[in-house]
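**Student:** Pasting in a structure now, in structure tokens, and then I'll have a few things to ask.
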Amino acid sequence: MKLKETLNLGKTAFPMRAGLPNKEPIWQKEWEEAKVYQRRQELNQGKPHFTLHDGPPYANGNIHVGHAMNKISKDIIVRSKSMSGFYAPFIPGWDTHGLPIEQVLAKQGVKRKELDRAEYLKMCRDYALSQVDKQREDFKRLGVSADWENPYVTLTPDYEAAQIRVFGEMAKKGYIYQGAKPVYWSWSSESALAEAEIEYHDLVSTSLYYANKVKDGKGVLDTDTYIVVWTTTPFTVTASRGLAVGADIEYVLVKPAGETRKFIVASELLNSLSEKFAWEEVEVLNTYRGDELNQIVTEHPWDSEVDELVILGEHVTTDSGTGIVHTAPGFGEDDYNVGVANGLEVVVTVNERGIMMENAGPDFAGKFYDKVAPIVMEKLGDLLLAKEEISHSYPFDWRTKKPIIWRAVPQWFASVSKFRQEILDEIEKVKFHSEWGKVRLYNMIRDRGDWVISRQRAWGVPLPIFYAEDRTPIMTEETIEHVAKLFEEHGSVIWWERDAKDLLPEGFTHPGSPNGEFTKENDIMDVWFDSGSSWNGVVVNRPELTYPADLYLEGSDQYRGWFNSSLITSVANHGVAPYKQLLSQGFALDGKGEKMSKSLGNTIAPSDVEKQFGAEILRLWVTSVDTSNDVRISMDILSQVSESYRKIRNTLRFLIANTSDFNPTTDAVAFEDLRSVDQYMTIRFNQLVKNIRDAYENFEFLTIYKSLVNFINVELSAFYLDFAKDVVYIESAKSLERRQMQTVFYDILVKITKLLTPILPHTAEEIWSYLEFENEDYVQLSELPEAEDFANQDALLEKWNAFMDFRGKAQKALEEARNEKVIGKSLEAHLTIYPDAEVKELLESLNTNLAQLLIVSALTIAEGDVPESAVRFQGVSFTVERAEGEVCDRCRRIDPTTKERSYNATICNHCASIIEENFAEVVAEGFEV
């Protein structure tokens, strides 16, 4: 036997190298086969419910880092709730209708208009479901625990029927109406868009300054007067029917030198416009308030048969332009509102593909709307005063990345204005985890217009509306419920497979159809109505979930998307918000803080992270950043996270190894019988437990990460475990001192493994497999630890916190001695302490082996004068010299009692007593040399 074998060196097969890319799929397969998710739900049956409702990602392509961050965050929350006494099933979902899938099929060569509608929809459905399967595997590979066998998918018959019923309740309350309002129109998609489907980019546009001649001045202006207007959309001049002025804005009538014409412009803008138009010596003839110009008639710049009426508009400002806005009610929301209020004609001169129509005039018909500025300028002739190219923020179709226009077309709307206050009142009841989130959603609802819910596309849920022979829309409770039942049985494809009369209840009649003939709506619903109905299709209809849901958690872009549409439909149906709490996340940016883009080559695929580091590192990264704001990710950042993981893993490996001979049932020591330092560490750990439990409760992942890493690196590794080796390696295996420390080790090991489970389930499960005395076969089936309180813990903490301050000073003194080559390692030191009365009382009260705690071979508490050479601090001074004696081959301390023993060992008296007591046979025979 060798001397080294008398040490209690920790033994474990738990590997230092994690091998996560290979091990994670093995664990995931085992969990699936053992039905761990289902068993967790069974364990929690009858407990308080917690419903985190999954916002459905769009089923197209592999998941990206943003998807991963979101789903991992949800998984951490649901796992922590499941381990905290809540019944918290997690039903993942997918959004499956919409234009992107139509575009994919088009790229694959599918000709939509050459196919039967039902056949085309089947192709869309098959593609969508293939993407659901692909993304499901992506999410499972992240270690997300969910009911993967029973997700919700917005194309299933039960979901579509639930969506129709949401629509039906809104129709019943009078919230659904048809109108020809201007809407965001995407010529590239040939469809109306919702606000959530637009994004803003800079665009260079041609802006024109031109003049309308006064036709009837109403006794205020002469007919040789011209009113100057500005437009950034020249094509809309073809449909201009009015000029809007601000009622309280001051306007001036001016005559520039050399001009026979007189002009009206906003007084505030006269100087800048004079420079722009090269007007010199401008004579101001008169001033007017805007309301004095109201109802003056001007003529269209190139069509004298068309009148343009001066009207008042609250949207008019003097921030730019001329202070007068040309009004084309068919091409703008403000234009429409003020135009209709003043009886202006609503004219639309652009078709669904962005092509100018016949009613624009022969010079324009057949041309693309964005290419007609030169024709407009030619038609304006000397009425054109200036032309500029301007760069401004402009709305684009978020899918095709092409600019859009406002265009009045017959559409179906959901009225928000009818119950807006009810929605705002519900927002006040929701718990937001950021105040700016509440303000953002509140302002969006307060300021938004009615919701355009119709789309002129193929792949989606049909609007369940019929038309009588006289074109009266029909959407009664009876007809809508009948359609819902048909969808429930056959899916929405039946809408396209049957004639209208076969979709109506048997024997249905309507006064508008004396001949019994009916037609059906061809438009589909906005996809935001699809996902916005999920509270009904999933949360209400799944018995394991509770409505309203406890939490919605998505990216901050969903304030105008899913958060918004879900809120509107839920309040419209039931008068309540669909969520009790709302939590939003920022976007994942690259390492430089730039937006990720395939074209820039700066994207990081979750699959690449899994191959290089493992999903655990991606999961740990999610907790290491503040996800409420935009976050950065790169392979370098993940390498740093991987290093944190390595430290966590190796620390826990040390605890596993050094409790391998510990049975918590027979060997554990009661708290009151622990040494003071062990009690201190137990109390500090329980403070960590409380902090982490609170952080889980408040979804504060970064707090968990920082608390955990700090505890492991600073309090455990750099303090407790640092000196613990002297005890657990050197003392007798069954000694009280060793068992005291092992009690603390085991308690921390078991509880920290549980605390880590929501974040690092694969690693926690691997650790758990080495804990033979724990009852649950999977750590996921255990409960998170509760923080304990101990008698006199505040006094104990105060004392040991003071010691930690003292320890920091002692370490500085040792470091100085090391720098001066007095010692090498701290174990070579004899540390002499010169304390004041307060520090001396503290050290004596600890009743502990200070040399052991400070990892020195000898320690003296001295009285009397402090030597000149001492390192001085407030309240205490130190001297450091080399300890006397020889190095013990067993404990590595320098000890004056170290000598060669008769059994071939050069060791100190303390180690000799341990060997002679526990290894009598070796003492007799001697150690191997």
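Easy rule for this one: first residue shown is 1, then count along the chain.
In case you wondered, yes, glycine gets a Cβ from its N, Cα and C as well.
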**Student:** Which one of 315-319, 320-324, 445-449, 595-599 shows up in Swiss-Prot as motif ''KMSKS' region'?
**Tutor:** 595-599
**Student:** Out of 57-67, 211-221, 233-243, 299-309, which range is noted as motif ''HIGH' region' by Swiss-Prot?
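**Tutor:** So the range that Swiss-Prot calls motif ''HIGH' region' is 57-67.
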**Student:** In sequence order, which same-chain residues at least six apart have a C-beta under 8 angstroms from Glu554 (L-isoleucyl-5'-AMP binding site)?
**Tutor:** Gly55, Asn70, Gly561, Trp562, Phe563, Ser584, Gln585
**Student:** Specify the secondary structure state of Glu554 (L-isoleucyl-5'-AMP binding site) as given by DSSP, simplified to three classes.
**Tutor:** strand
**Student:** Near the Cβ of Cys911 (Zn(2+) binding site), how many other Cβ atoms are there if near means within 10 Å?
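**Tutor:** There are 26 of them.
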**Student:** Validating a neighbour-count step here. Other CB atoms within 10 A of the CB of Cys888 (Zn(2+) binding site): how many?
**Tutor:** 24
**Student:** Of the binding-site residues Cys888, Cys891, Cys908, Cys911, which sits closest to Lys598 (ATP binding site) by Cα distance?
**Tutor:** Cys891
**Student:** How do the residues of the motif ''KMSKS' region' (595-599) split into helix, strand and coil according to DSSP?
**Tutor:** 0 helix, 1 strand, 4 coil
**Student:** Give me the count of other Cβ atoms within 10 A of the Cβ belonging to Lys598 (ATP binding site).
**Tutor:** 8
**Student:** Among all protein chains shown, how many Cβ atoms are found within 10 Å of the Cβ of Cys908 (Zn(2+) binding site), not counting that one?
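**Tutor:** By my count, 24.
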**Student:** Taking only same-chain residues 6+ apart in sequence, whose CB is under 8 Å from that of Cys891 (Zn(2+) binding site), what do you get?
**Tutor:** Asp726, Ile730, Ile907, Cys908, His910, Cys911
**Student:** To test your reading of the Zn(2+) site: which residues beyond Cys888, Cys891, Cys908, Cys911, same chain only, put their Cβ within 8 Å of the Cβ centroid of those residues?
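**Tutor:** The answer, listed by sequence position, is Ile730, Asp889, Arg890, Arg892, Arg893, Asp895, Thr898, Ile907, Asn909, His910, Ala912.
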